[in-house]
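A.B. asks: What follows is a single structure, and I will ask about it in a moment.
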Amino acid sequence: MTTSIDLNAPETDGVRLESRAWKKLKSNKSALVGCIIVTFFALLAILAPLLPIADPIATSWSAVRKAPSAAHWLGTDEIGRDILSRMIWGAQASLMAGVVSVFIAVLVGVPFGLISGYFGGWVDQAISRVADALLATPFLILAIALAAFLGPSLSNAMIAIGLSAMPIFVRLTRGQVLSVKTEDYVEGARAIGLTDFAIISRYILPNVFAPVLVQATLTVATAIIAEASLSFLGLGQQAPSPSWGSMLNVAKNFMTQAPWMAWWPGAAIFLVVLGFNLLGDGLRDALDPREG
Amino acid sequence: MLSYIARRLAIAIPTLILVSIFVFVLQKLLPGDPALVLAGEERDPQMLEFIREKYRLNDPIIYQYVYWMKAMLQGDLGVSLRTNQPVLELIGDKLPVTIQLATMAMIIAFVIGIPTGILSAVKKGTAIDYIANIVALSGLSIPNFWLGIMLILLVSVNLGWLPASGYESPFVDLGRSLKTMIMPAFVLGTALAATLMRHTRSAMLGVLKADYVRTARAKGLNETIVIIKHAFRNALLPIVTLSALLFGELLAGAVLTEQIFTIPGFGKLIVDAVFTRDYAVVQGVVMCTAAGFILMNLIADVLYFLLNPRMRASL
């Protein structure tokens, strides 16, 4: 029952859409800028252990709160740690938090959305109401409450952010499934007796992919800000490990004496988030089949 | 109309019940004996037993939920472990501060976001449109707590124009109140302004292509009148609905903004409660936020209904 005679039609459509989308994405300058920013920070994060930089948690009492200089390009913090090094290691925490939490959200949200949209009925009602209830609590407040009850740590922050972002993916996937469920090729697949699982994975899932990818890229941006916010409040990455949010949390106490401590982490969050937003917007324009 | 509202309410109630179950379950996530956690520093076995009795921790979990819910419906959200004040009273004290902040932020967001959105749509494809879009995307990407820190650094520390923190009730000293709130409101308003601008732009772009706008232009009407009276009035619908939905974002943003500017509002209440392990307050705040958000959703639906002549006609 694996041969699908005429059912390949939507797939070739998919290929055409993909190559056209790729062309559109490449010609989109702002998406390119976003891609460069994201790649730059991703490389920094991955290569952090290999780069010739100071130990991010080594303190030095002879270099407390030194302004940027040749020895410390971005200056030092309140206990003499090198800010550049902490920034680079912090990139690891921020990007990991952003990507892992969105991964959790997609991994949980998409299957529920598929089930909800495909089967309908009381299953749909139940899943939708739970998603509504989760959406009714603002993202950050839900994440703060979860992080508070789970205990403060980077991994709990990621779980909290992931769970808070999950309902967006349930709704998105559900809507997408509803719009393709009645298409001829899905009806056809059902008519030749394919199992629900086969129909979902082969004919419905590919249609869900593009909008989920766009939403996931944009949600990484939100998740990075959420992680930074939680760490800023002391509910994310714990000392002495560096994260941009926790660096800002400390920096706000030394605003007059060492303003550079606050400059860099915020600028980095801003740039990375801008990168993901540019990339996400570009992907949306490229993958939107309605725009020629 | 009434049946429409009733239908929306019928959906809102199960949602609220589910939220209350989440909030209740949160407390079960706590590691260890909840009585020990609720007791705080207290280790007296008699006290622990009293707490177990009071919160019915010895009863099955379903009963615990029912008692908790029953109390909540009577307005009893529990008592703060730190100040011994009823949670509802605490929230009532702090909420007006946040509402003032949120209202000011919303005004700032409207003043910046809507005109830029209209301008950007009218001048689509020009340098103005391009710059407005970049500024909006930056507004969405900038972490508002960092923006707050940078503004304090510039405006309060370097220029000495505005106070860096503090709060004054507008009923005591309006001038001082506005002075302390304007910077945090701006910080909170930027992200909203960016969202509003982007939505206004896309709504306007849709409307500007419509036949009635072409007709209005063909009649030789002044372009400003066409844009404001014919186009914008029709683009307003999604913007109004969106504004009600932005309320949630506003509250979440207020958490960080209040933290930076040390404003004694709703957001600071939840953060302080988290750090003092004042779980009843955390639960109360989450519950109230969700209820508020659901209410705003309902208002958005009703507004959409009232503002949309096509839906009104279907009455």
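Note: Cβ is positioned from N, Cα and C throughout, glycine not excepted.
Not my notes, these are from TrEMBL:
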TRANSMEM  B:9-30  transmembrane segment
DOMAIN    B:95-304  domain 'ABC transmembrane type-1'
TRANSMEM  B:99-122  transmembrane segment
TRANSMEM  B:134-161  transmembrane segment
TRANSMEM  B:181-199  transmembrane segment
TRANSMEM  B:235-261  transmembrane segment
TRANSMEM  B:281-307  transmembrane segment
A.B. asks: Cβ pairs under 8 Å with the transmembrane segment (B:99-122): which stretch of B:9-30, B:134-161, B:235-261, B:281-307 has the most?
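C.D. replies: Result: B:235-261.
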A.B. asks: Would the transmembrane segment (B:281-307) and the transmembrane segment (B:9-30) count as touching if the test is at least 3 Cβ pairs under 8 Å, pairs 6 or more apart?
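C.D. replies: Taking Cβ pairs at least 6 residues apart, the transmembrane segment (B:9-30) and the transmembrane segment (B:281-307) are in contact, with 3 or more under 8 Å.
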A.B. asks: Apart from its near flanks, which chain residues at least 6 from the ends of the transmembrane segment (B:9-30) lie with a Cβ under 8 angstroms of it?
C.D. replies: 37, 61, 64-65, 68-69, 72, 279, 282-283, 286-287, 290-291, 294, 297-298
